[in-house]
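The block underneath contains the structure these notes are about, expressed in C-alpha cells.
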Amino acid sequence: MMALGEPYYSSKPDKDFNFGSTMARRQMTPTMVTKLPKFVRNSPQAYDWIVRGLIFPTTGKTYFQRVVVITGGLEDGTYGSYAFNGSEWVEIYPIEHLNLMSSLKLIHKANALQERLRLSQEEKATLALDVQFLQHENVRLKELIPKPEPRKIQMKWIIVGAVLTFLSLIPGGYAQSQTNNTIFTDMIAACKYSTETLTENLDLRIKLALANITINDKLDAVRQILNFAFVPRAHWLRTVFYYIHYYEMWNIFMFVLAIGTVMRSARPGTDLITLATSHLSGFRMAVLPTIPFHTTMTLWVMNTLMVCYYFDNLLAITMAILAPILGIIFLCFMEDSNYVSQIRGLIATAVLIAGGHACLTLTGTTTSLFVVILTCRFIRMATVFIGTRFEIRDANGKVVATVPTRIKNVAFDFFQKLKQSGVRVGVNDFVVIKPGALCIIDTPEGKGTGFFSGNDIVTAAHVVGNNTFVSVCYEGLVYEAKVRYMPEKDIAFITCPGDLHPTARLKLSKNPDYSCVTVMAYVNEDLVVSTATAMVHGNTLSYAVRTQDGMSGAPVCDKYGRVLAVHQTNTGYTGGAVIIDPADFHPVKAPSQVELLKEEIERLKAQLNSAAENPVTVVTQQPIVTLEQKSVSDSDVVDLVRTAMEREMKVLRDEINGILAPFLQKKKGKTKHGRGRVRRNLRKGVKLLTEEEYRELLEKGLDRETFLDLIDRIIGERSGYPDYDDEDYYDEDDDGWGMVGDDVEFDYTEVINFDQAKPTPAPRTTKPKPCPEPKIEAQPLDLSQKKEKQPEHEQQVAKPTKPQKIEPQPYSQTYGKAPIWESYDFDWDEDDAKFILPAPHRLTKADEIVLGSKIVKLRTIIETAIKTQNYSALPEAVFELDKAAYEAGLEGFLQRVKSKNKAPKNYKGPQKTKGPKTTTH
C-alpha cells in the first residue's frame, strides 16, 4: 500500500476553503501537480475521490479503483472538472459544487474589480500626463498671443470731432442782441414784472373762488411749469437756464455724441460724418431714430443725400424717393435677408428726407418728425413683446441683457410679499426618519432607493426591471440579493442577504394618515428628506416634492416613520407613490387545476343532490341541434370535462389508491418527493370515457393529449409528485452530476455504457437464477447487481408462473422486447417528431446519465428535421436511441409513446423486470 503524504493545496485560498475530500488531496503526486490544468491563480479547487467505473468505461477489478477528480475555475473563465487517468488529466462533465461556484464567482468579481482598478489607475496617470502637456501648451500659446495695444485715435477724427464741437457751440436762433441796461431800466422791468404777476395772481384767485377755471387756464399752468416759472428769479437755476437758452437741445446732444464717439466708438469716422451731415442738413434729432434701420450701404446713401440737401433740396428729395425703387430693381440679386435689410434702409432714408423737408418747411424744426419716428418704434417694440421677458444677444449669440416685458410693481411689492407670506399661526410637527433603514439598489440599467421591512428589501419594480439578482449597497458594502416577488403594483420585494444586518427596519402603518408624508431617498449617494401634503388617488399618492433621479423606490412615511407607500414617479416637481398593503408582501397562491376541478366536482355533486331531491316533472322537448348548427364556447367544453371527471373520479380514486399503495410509503432519506421514480401501468384497466364521449370532446376542440396530461397530473399528485414543477430545479446544467456530493450514497456496482466496445468479462461461476416473487415491486434502475442467493425454503415456495427469458448479455439487463426496425420504418411527421422525446425536466436520472449524449443528438436531429421538413433521418436516430436504451435496461422511447397514447385495449404495458437498486438523493 502506497504511503500517503500531506494534503496538497495549490494556494492559501485553497487551503482556507478546503473543498472536497482530504483523501483525494493526499493522493496528489508531483507528476499530477506538474500536469495540473491552468486554474485561476489563488483560487480554491474541490477534490473528489470517485470510483473509476463511474467516470471511465472499466471492467474487472479496476472498476472499483478510485481516481482523483479536481473541479475549479479555469483562466479562460470556464468551470470544469478533470480526472487523472494515470498519465494525464482528462476533462469530464463538470461536477457542481455550490460553495465552490459561489467562491469562484466572488473571486472572479474581485479579479474583475482589480483589473478595472488597474485600468482606471493607468487611465488616470495618462490623463494626468495629458493635463500637464496641455498646461505647458497653454502657457506656450499664451506667449504667442499678441498683447492688446492701447487704442490709438487718429488725428483726423480728433479734428472732425473738434469741428463738430465748434459747430455745436455756435449760438442758435434763440441768441439775443446785448442791450445797455441801467439801474433805472432794471427797476422799471422789476416793477412791470411784479405788477403783471400780481394781476395774474388776483385773476387766478378770483377764478378759483368762482370755480371758473377754463381749459386755457390749465394749459397756461402747464406752460408755466415747463418754463420753470415756479423758480425764484434770484435762484442759481435761472442763471444756468439763461446761458443754456442761447443753445438748442441738438447742439448740446451733438456735443456729447461727438465726445463719446471720438473716445469709445469702433467706427469714429462713420459716426462723426453722420453727425456732421445731420447738423448741416438741418434734420438733426430726426436722424438718430432711423439709424437702426440702416445697413452700411444705406447709411452712406443717407449721408450723401443729406449733403446734397444742403446744396439742392429738391434734387435730394427726388433722389431719396427714387432710391427704394431703384434698390428693389438693382439689388434683387442679393440674399433674402440682406435684400430686405437694404430695402428697409432705403425706405427709411426716403421717409427721413421727404418728412424732414416737410417739417422744416411747415414748422422750421424736425422735432415733430423725431416724435413720430420714435412713436413708431415704440409701437413696433410693444407688438413683439409676447413673453414675460426678452433676451438681447450680441453678434456671437451671447445673451448680454434680459429685459422684462412687464414693469415690476415697485410701489406695492412690499404689500404683495407681506400678503403672500402671511402671519405664522401654527408650529410644524417633528417627523421620525430612519436613515439606517435605507439602501441603494444598483442594476445595470440604473440606481434606485430601497428600504428594509421585515426580511425583505422593498423598492420600485421599474428599478429592478427584468433582473433576477441586484446589487444592494449599504453602508459602503455591496451585497448580491435575489428578487423574491413582484406583485401587479410597481413594487418589488428582494430577499435580504443573510450577511446583511441593517441597523433599522421600517414597519407598515396600521392607521394610514396621508395629511403629511415624508420622503427619504438617496440622491447621488446623499440622503435627502422632504415633507409634503399628499392626496390619495385610488392606490396612488401625489405630493409636491422636487423629485430627482435615484429616488424611485424610496419609502413614503407618515410623521411616526411608518411606511405608507413606495415612491415611483419622477416628473421633476410632482412626486407620486403607490400605496403598499400587508397583502402585497406575500404572493397569492393560485389554486391548482386539480383543486379547481375538485371544487367544481363538489359543487356539481351538490347540484345533483338538490336536483334529485326536487325532480322536475315538466320536460320541454328541445330540437336536436347538430354540431354544425351550434356555437360551442370554451365554458361549455370545460363544463363537459368537469361532468366527465365527476363520473370517473370515484373509480380513479379506488384503483389509484390500490396501485400506488407501495409508492405512498415514505422511505428514509427520500427528500426529492419521488422525483425520477419509475411508474408503470398506473392507468391499467381504467376506462375513463366512452367512445362517443371521447369523440364529442375532440369535436368540441379539447385536445386528447391535454385531457390525458390532466389525468396524469392527478395520478402523479396522488403518487407523490409535488403540486407544481420546480422549474428552478430542472436547469440546463443539471445533467445528472448534481448527485455527486458529500451527502450522496453511491452504488459502485453500476456500469455506465458510453457506446464503446463491450469488453469480454472474466469467466464466472454459474449461479442459480432467482425465481420471480408473487408480488413484484418497481425498483430503481441499476445496470448491474450482485444477486444474493435465496434460502432453500424460499426457492421451494416460489414457483415461476411465466416462461424464463433468454439470458441477457454480460453486465447488462434488458427491458421488454428488443426494438425491431420495421416498427420504426414508417412516414414520420412533425407531431411524431415533437412527441417522441419528453420534456427535459421529465427525463429520469437514469435517462440523463446513460442516454444523455444520444438524447441531445436526437433533439438536434429533430430540430433540423422540423426546420427543413425532412424526416428521413429521424427513424434511424430513434431506432439507435431505443436500441441503446434496450441494452442499458431502459424502456424505449417509442414504446413509451405507444404505451401512453396508442395502447390497444388488451395492452398490459411493458414487461416487468427486476433490476438492481440505485440510490438517488
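One is the number of the first residue shown, and numbering goes on along the chain from there.
Each Cβ is built from the backbone N, Cα and C atoms, and glycine gets one as well.
According to Swiss-Prot, the protein has these features:
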| type | residues | note |
| --- | --- | --- |
| ACT_SITE | His462 | active site, charge relay system |
| ACT_SITE | Asp490 | active site, charge relay system |
| ACT_SITE | Ser552 | active site, charge relay system |
| COMPBIAS | 908-921 | compositional bias 'Low complexity' |
| MOD_RES | Tyr694 | O-(5'-phospho-RNA)-tyrosine |
| TRANSMEM | 240-260 | transmembrane segment |
| TRANSMEM | 287-307 | transmembrane segment |
| TRANSMEM | 314-334 | transmembrane segment |
| TRANSMEM | 345-365 | transmembrane segment |
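Look at Asp490 (active site, charge relay system): DSSP puts it in coil.
Other C-beta atoms found within 10 angstroms of the C-beta of His462 (active site, charge relay system) number 14, with every protein chain shown included.
Counting in whole angstrom, His462 (active site, charge relay system) lies 8 from Ser552 (active site, charge relay system) by their C-alpha atoms.
The active-site residues listed here are Asp490, Ser552; among them, Ser552 has the most other Cβ atoms within 10 Å of its own Cβ. Of the recorded residues, Asp490 (active site, charge relay system) and Ser552 (active site, charge relay system) place their C-alpha atoms 10 Å from one another. In three-state terms derived from DSSP, Ser552 (active site, charge relay system) belongs to neither a helical nor a strand segment and is classed as coil. Look at His462 (active site, charge relay system): DSSP puts it in a helix.
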